Amino acid sequence: MKCKTFQANNSIVSSFTTKFEPALARSFLPCWDDPGVKATFNISVLHHPKYAVLSNMPKSGEKRRSYDVIMTTFQETPPMSTYLLAFAIGEMIPLEMRTERNLPLSIWTHPEDFLSARFAANFSPVMFDRMEDEFEVKTLQCSKADTQQDLIFQVPYPLPKMDFVAARSFPVGGMENWGLIVFDKQSLLLDSSLEDGLNMTVDRLYHEYRIEKIITHEIAHQWFGNLVTMRDWSDLWLNEGFATYMVYELLAAEHPRLTENEYLTRLCQLVRKQVNVTAYMYLRKNAYRSVSRQELWESMPAYADHGAEQQRLSEVMEG
C-alpha cells in the first residue's frame, strides 16, 4: 500500500493507493497470490468522512459508525486475480464523463490538480469506445431461409464503471487495476501551461501523445490481463504484448507518423536483440547450402520475442 503525506495550502493532505502487482496482495490479506488463481471480493473500508474512497466496483452503501468514521461497502467483484484488487482513499474530487453506452468514467484528482485533467477527460471516453468497438466481431450466418445475416459477437467491458486516479509519487506510470486504474499524476495530467489552444508546441504534442499512449495501454489491459489473465508471471508477455500492440493500432489514425516511427524504432530494437540468435540459427540450418534472401527473412519470426514486437515484425515483413 502506498501512503504519502503532502503539504497543500498549509494543511496536511493524506492519500492512499494500492499496487499489489506482482505479489503484494498477500501482505494485505491471506490469499493465493498468483495470477492463475481468481476469486471474487467484497470490500468494505472504514474511513474519515472527508475522504473519498474507491475500489474496483461501485459503492453499494455507506454507514456511519461514529462521528468521524464511515464504513463504505462496494459491490462484489467478478472473478479476478488478486494483483488487480485495489482501493484508493484521499481528499479527491471527480471529473465525471460518460462513454457512448452511458458507462460512468471518472478521473479523480486532488483539488489543485483538477483543471489539469481536462485533456485526459476528453480523450479517455473516446478511446474507451474505440476499444469496445475493436472487440466487436461480425460473422455471416445462413438462416433457415438461406439468407445471409450478420451476427455480432461482442466482448464488452464487463464492469459497471471505470475510475482513473491521479496519484502522487506512484511507483509506476500506471497500474491497470480492474475498474480502478491508478496513474502517477505526471503520466495522466497535462500541465496547464501547455494547454493554451494557440500554443501547439512540440512539448505539448509530446506530452499529449504520452498521455494518450498510457491511457490506451491501461484501458487495453482491462481485456488483455484483467478479463483474460496469464496463468503465471512467466507469460507476462501475453498481457503486455497485446496491450502494447493495441496502443499503436488504435492511435495510428490520429498520429500515423508518430506511431509508425515508434513501430520502426521498436523493430530496430528487436532486430538488434535477435540478430545474433537469428544469424546463428540461419547459419546452422543452411550450412553448405545455397539460399535466397527470402529464407533469411523467413527464419526471423521463429526466433523473435513473443508479444507486440513479433506481431509487428511479421506485419512489416509481409508488407
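Using the three backbone atoms N, Cα and C, a Cβ is placed for every residue, glycine included.
Not measured: the values here are computed from a predicted model.
According to TrEMBL, the residue from E240, E249 that belongs to the Zn(2+) site alongside H217, H221 is E240. A simple Cβ count within 10 Å picks out one of the binding-site residues H217, H221 as the most packed, and that one is H221.
Of the recorded residues, E240 (Zn(2+) binding site) and E218 (active site, proton acceptor) place their C-alpha atoms 10 Å from one another. Other residues of the chain with a Cβ within 8 Å of the Cβ centroid of H217, H221, E240, the Zn(2+) site, are E176, E218, A220, F224, G225, N239, F242, A243, T244, V247. With every protein chain in view, the residue among the recorded positions E218, E240 whose Cβ has the most Cβ partners within 10 Å turns out to be E218.
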